[in-house]
Amino acid sequence: MIISAASDYRAAAQRILPPFLFHYMDGGAYSEYTLRRNVEDLSEVALRQRILKNMSDLSLETTLFNEKLSMPVALAPVGLCGMYARRGEVQAAKAADTHGIPFTLSTVSVCPIEEVAPAIKRPMWFQLYVLRDRGFMRNALERAKAAGCSTLVFTVDMPTPGARYRDAHSGMSGPNAAMRRYLQAVTHPQWAWDVGLNGRPHDLGNISAYLGKPTGLEDYIGWLGNNFDPSISWKDLEWIRDFWDGPMVIKGILDPEDARDAVRFGADGIVVSNHGGRQLDGVLSSARALPAIADAVKGDIAILADSGIRNGLDVVRMIALGADTVLLGRAFLYALATAGQAGVANLLNLIEKEMKVAMTLTGAKSISEITQDSLVQGLGKELPAALAPMAKGNAA
């Protein structure tokens with residue numbers, strides 16, 4: 001199979017993975033309206049093509065939280081990576097490390113912090129959920145600090161799990177789920193050999209270490225469902241801010257006022273995100289939410305964004321809309337499921353090449369030159385102010 005884009009990896013992953021795993025990563029909440037809009041809205045962002053700009057010295061390098069990145073991309077925290085490829089978190093982290101970008105380890109990873117951190121040279125980021133069990137949260141933070149994690153990504157948009165209909169149909173949940181998953185596994189031999197037999201233990205490594213016993217998929221579903229905390233407020237985050245020495249990023253911001261609250265709280269960064277359309281269906285896509293948030297807090301706090309990014313052109317679009325850096329989620333997971341570390345490495349190379357093409361043809365020699373002026377129109381509606389006079393002149 002020829003691989004030229006993330007969409008090719010998606011098609012390959014669908015063939016390789018048991019349906020319960022493919023649809024768990026591919027699906028969204030309710031009717032998946034927001035999931036679709038994440039991709040569609042971003043594709044509507046039109047860029048200004050510029051010519052004769054001497055683009056021979058183009059650079060994708062940027063700096064975030066005093067870390068040098070080869071391009072403004074990091075791998076997002078994704079649960080259960082180790083179920084998509086053998087010791088998947090380690091493989092993805094190695095690919096990111098080699099490319100010179102951060103890898104973010106999820107709270108609900110298969111591989112524990114202590115397995116992933118020593119496998120790479122660059123300090124990884126660690127993602128933490130708001131959970132009822134504050135003892136677990138403190139334990140996870142202590143272990144992340146001990147392992148040298150540089151940045152904490154604190155996910156706040158899951159006070160309760162979203163309603164994901166695909167999971168019930170695919171076997172991730174619903175009646176006879178365990179038996180359905182077993183039957184799917186044995187009929188997908190590549191996955192069964194790579195992960196089912198040789199990817200063990202299939203624990204939730206960070207949780208198992210705390211509970212002192214093995215944990216499997218049923219524990220993942222049950223433990224998380226019982227531990228999300230709907231009572232959380234900014235006040236509850238203060239002890240985490242005091243405990244964590246490094247940069248702290250609040251993930252799950254869609255409203256400008258929440259972004260301002262994050263600045264007042266003292267966060268170092270925010271992630272404009274709707275959890276990949278997996279939480280509340282019908283909310284704004286990240287691409288639509290981003291410009292207003294950037295208007296509110298740009299320059300006061302680092303702005304990251306995720307949800308709907310599938311290629312290097314999408315990265316450039318998100319930066320033009322106001323992001324400093326983006327997080328890749330599903331895109332890298334498709335590649336990981338298809339070809340492990342090599343797949344993720346190839347995807348990152350593709351994204352870098354696509355970014356260079358987009359920047360060359362828009363006349364942006366550096367990441368700092370990708371601005372609102374790079375846009376013809378934001379999301380198919382109003383032109384940015386910088387282009388309004390030109391538009392009026394052309395209308396005549």
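Each residue, glycine too, has its Cβ placed from N, Cα and C.
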Checklist entry - In Swiss-Prot, the substrate site includes Y129, R164, R278. Which of Y9, Y24 does it also list there? => result Y24
Next on the checklist: Using other CB atoms within 10 angstroms as the count, which residue among the binding-site residues R164, R330 scores least?
Outcome noted: R164
Checklist entry - What's the CA-CA gap between R310 (FMN binding site) and H275 (active site, proton acceptor) in angstrom, rounded? => result 15
Checklist entry - Can you name the binding-site residues among S106, D306, G322, R330 whose CA is within 10 A of the CA of Y129 (substrate binding site)? => result S106
Checklist outcome for this item: CB neighbours within 10 A of Y24 (substrate binding site), counting all protein chains shown, number 22
Checklist entry - Relative to the Cα of D314 (FMN binding site), which of the recorded positions Y24, R164, H275, R278 has the closest Cα? => result H275
